[in-house]
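See structure below.
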Amino acid sequence: MNLNDLITQTSEWLKGTGAHSDIVISSRIRLARNLIGATFNSRASEEKRNEIISLLRPVIKSTDSLRNSLWIDIDKLSRLDLQFLIERHLISHELAGGEGARAAIISEMETISLMINEEDHLRLQTIQSGLALMDAWRIVNKVEGELADRIGFAFSQEFGYLTACPTNVGTGMRASVMLHLPSLVITRQIEKISQAVAKIGFVVRGFYGEGTEPIGDYFQISNQVTLGQSEEEIISNIEQIIHQIIGHEENARQFLLTRRKKQIEDRVFRAYGTLAYARRIDSNEAIKLLSTLRLGIELDFIKNLDHHILNELLIAIQPAHLQKLNGKALTAVERDIKRAELIRKKIKK
């Protein structure tokens, strides 16, 4: 398995097989861990960062879950390959833009990925299709447990896991759920819901998480507090919120079907027409139109397409993916042309 093998592989979490997959795209659990006695990365020398990698590599490769994983030396990758991994939600912007010795480890089906020498010595994450936070937690907890048996993670009886950023101290866990909420956007309820979510300790972000704005009606909701709660409590709290948001989105969809059916139907088929016949399209417009088309599938206006096709396209139409698929660097105009070709091919099958 090498980096280029990922180009034609569909990530497991994009297959649309999980619970509530008509609204919930994916569930992610991420853990932050640091090694006992090792300097935090923000103050570590290059020699110390290399020591972290040398220590972790054999331990990670010997775990059952990651025995056949792909090891990537991040500091040796091109900008294109770094962006490719970001687009697949396998590494963070921080890891890609960092300095010095860094690495990523990716499991065969891309459900598990690890980052070494990002903000913390080790970040572990798993992504699952649909609403499946507890499943994701069990998977990442198993991997973390295997590693903890072989190496020591910095832990305080008073504060929990010690992390570079104080907001991660405690469980060191971030639970996040990506949702598609077009009806709440159309009915102008999304702002009120986002504000309500923020007031109870959760944060709403865009498609690529921290530091990104929502686009195409895709929103990520995650916890902010990791101290003073167990992992199970954090998951239970966020799942309660997600179920409420799902209910609001379902009610808004019913409202649109009852009160504004022709208007929404027209919007959906205009989106389909553009996507099916456009010869050039930029990524922002494509994501917005694919979002509308997805709503059309969910409202049963579009009958010959499936969620997983649109999920795949959300990733495949990104700039680095288009260039990797075509085996060469492309200008912005060339990318727009290739993007339109790919979308036409996928939705008109």
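Note that Cβ sites are derived from N, Cα and C of the backbone, with glycine treated the same way.
Caution: TrEMBL annotation is automatic and unverified by curators.
Summarising the annotation, TrEMBL assigns ATP binding site to 26-30, His89, Arg123, 174-178, 205-210. If you look up TrEMBL, you'll see 23-252 marked as domain 'Phosphagen kinase C-terminal'.
Mean pLDDT of the predicted structure over the domain 'Phosphagen kinase C-terminal' (23-252): 93. With a cut-off of 8 Å between CB atoms and residues at least 6 apart in sequence, the same chain places Arg30, Leu31, Ala32, Arg33, Ser92, Leu95, Leu114, Met115 near Arg123 (ATP binding site), listed in sequence order. Classification of Ser176 (ATP binding site) by DSSP places it within a strand. In the structure shown, across all protein chains, Ile29 is the one of the binding-site residues Ile29, Ser176, Arg205 with the greatest number of other Cβ atoms within 10 Å. Annotation for Ser26 (ATP binding site): spatial neighbours Trp13, Leu14, Gly18, Ile127, Gln128, Ser129, Gly130, Val177, Met178, criterion Cβ-Cβ under 8 Å with sequence separation of six or more.
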